[in-house]
Amino acid sequence: MASVKKLGILGSTGSIGVSTLDIVAAFPEQFEVVTLTAGNNLARLEEQIRRFRPKMVAVISADGAQQLKERLGADAPQILSGVEGLVACACHEDIDMVVSAIVGAAGLVPTMSAIETGKDIALANKETLVTAGSLVTEAVARHGVRLFPVDSEHSAIFQSLEGHRMDDVRRLILTASGGPFRNRMLADMASVTPADALAHPNWSMGRKISIDSATMMNKGLEVIEARWLFDVPAERIAVHIHPQSIVHSLVEYVDGAVIAQLGIPDMKTPIAYALSHPTRLPLDLPPLDLCSMRNLTFDEPDLERFPCLALAYEALAMGGTAPAVLNAANEIAVDAFLNEEIAFLDIARVIRAALQGLEVKPLEHIDQVLRADLWGRKEARRFIDARGEGATVC
Ligand SMILES: NC(=O)C1=CN([C@@H]2O[C@H](COP(=O)(O)OP(=O)(O)OC[C@H]3O[C@@H](n4cnc5c(N)ncnc54)[C@H](OP(=O)(O)O)[C@@H]3O)[C@@H](O)[C@H]2O)C=CC1
Ligand SMILES: CC(=O)[C@@H](O)[C@H](O)COP(=O)(O)O
Ligand SMILES: [Mn+2]
């Protein structure tokens with residue numbers, strides 16, 4: 001009988017965090033929660049603490065930590081705040097595996113700290129690999145930890161590679177739903193609202209990744225994520241539009257064989273596989289009913305309507321600090337769009353402006369990533385503010 005796996009869940013109040021805890025609740029004999037972290041959703045974190053009884057939790061602000069202590073009274077675990085709190089929750093000595101499910105570059109430092117203290121990682125936070133891929137994969141090798149993808153496409157590729165040699169791989173093919181604007185004309189995309197963009201056709205996800213799916217930056221970030229996870233160059237990573245989100249991604253081999261992983265669009269499947277690899281958990285999900293499907297279609301992406309995908313390939317080719325700047329500018333632009341400061345099509349313009357002003361530096365240390373992230377945010381903000389003052393843009 002396998003021993004209980006002890007988990008630290010970073011971003012437990014988010015979409016991935018909640019699905020992870022659903023799995024933990026369904027298999028209490030297999031998993032135990034040691035630490036949880038949240039941003040601002042104290043009410044949800046309080047419920048999770050009462051239910052899963054972690055030893056330590058962290059939230060963003062000291063004020064939030066104080067409020068949580070008051071709400072929980074005698075039931076309170078150790079409650080920390082800030083980046084130090086996140087890092088303590090990622091590195092707790094009792095943890096076997098960290099589920100990295102914070103959104104954005106805020107996930108990088110705690111995830112890297114977990115790797116450096118020898119924890120296995122179930123990685124949802126794609127921004128960790130986007131911003132610091134070379135440093136993260138070096139650290140994974142140095143510390144002998146295992147990095148399991150949670151992102152559905154990367155889990156599909158991971159599963160399609162099992163039992164095969166990387167030397168035999170010709171291409172990785174990432175599928176993309178095309179998001180809510182897959183069939184929208186470019187001119188009509190100019191006036192879409194945050195509510196339109198948040199309405200993903202197939203997946204229920206957090207706000208930032210939902211907007212990324214609408215611009216297809218999500219797929220761009222996933223190309224970069226795949227480059228580092230599987231050590232395959234960008235030229236051998238293709239993107240196909242597959243609106244049904246049933247084929248989660250594919251591997252093409254040198255002999256012409258193509259191996260894919262299929263399933264209903266539910267993140268519990270890839271999360272469970274990352275948590276329990278190599279065994280599979282008997283999840284209570286509806287089966288994939290292949291006979292009810294009339295169409296599984298595949299198409300080339302349109303880079304004119306979805307320039308964010310092209311920008312991600314460009315940043316990957318630029319190398320060094322460029323992907324960190326791409327990601328930072330995207331985070332600022334997505335926030336500005338959600339706050340109705342800029343239009344949907346401006347998201348790509350903001351990112352392009354940040355990349356154009358960048359002097360790329362090679363990555364040798366995580367501090368360079370953090371500096372590039374800060375620079376990208378400032379540059380994106382400057383560009384957005386200049387637009388507000390009536391500056392002309394491309
Ligand atoms: N949702 C999905 O289906 C998929 C998600 N992913 C990736 O997984 C990650 C999480 O996505 P998702 O669950 O959708 O996101 P959500 O927005 O639903 O959740 C994000 C989590 O991160 C916390 N958080 C946000 N900002 C900070 C911060 N600055 N410091 C500490 N914690 C913070 C939030 O706390 P709070 O809510 O308490 O403020 C919440 O717990 C992303 O990187 C995404 O790209 C990948 C594939 C699929
Ligand atoms: C569920 C998941 O992994 C998301 O990253 C999903 O892929 C988003 O859908 P898009 O294919 O529209 O980006
Ligand atoms: Mn994905």
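Each residue, glycine too, has its Cβ placed from N, Cα and C.
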Among Glu70, Glu84, Glu222, find me the residue TrEMBL lists at the same Mn(2+) site as Asp151, Glu153. Glu222
Per TrEMBL, which of Gly82, Gly178, Gly179, Gly206 sits in the NADPH site along with Thr13, Gly14, Ser15, Ile16, Gly39, Asn41, Asn125, Glu127? Gly206
With DSSP assignments reduced to helix, strand and coil, which class does Thr13 (NADPH binding site) get? coil
Lowest 10 Å Cβ neighbour count of the binding-site residues Thr13, Asn125, Asn218 is held by Thr13
List which of the binding-site residues Thr13, Gly39, Lys126, Gly206 have their Cα within 10 Å of the Cα of Asp151 (Mn(2+) binding site), in sequence order. Lys126
Sequence-ordered list of residues in the chain of Lys126 (1-deoxy-D-xylulose 5-phosphate binding site) that lie 6 or more positions away and have a Cβ within less than 8 Å of its Cβ, or none, is Asp151, Leu221, Glu222, Glu225
Under 6 Å from ligand 1 by C-beta, which of these binding-site residues make it: Gly39, Asn125, Asn218? Sequence order, please. Gly39, Asn125
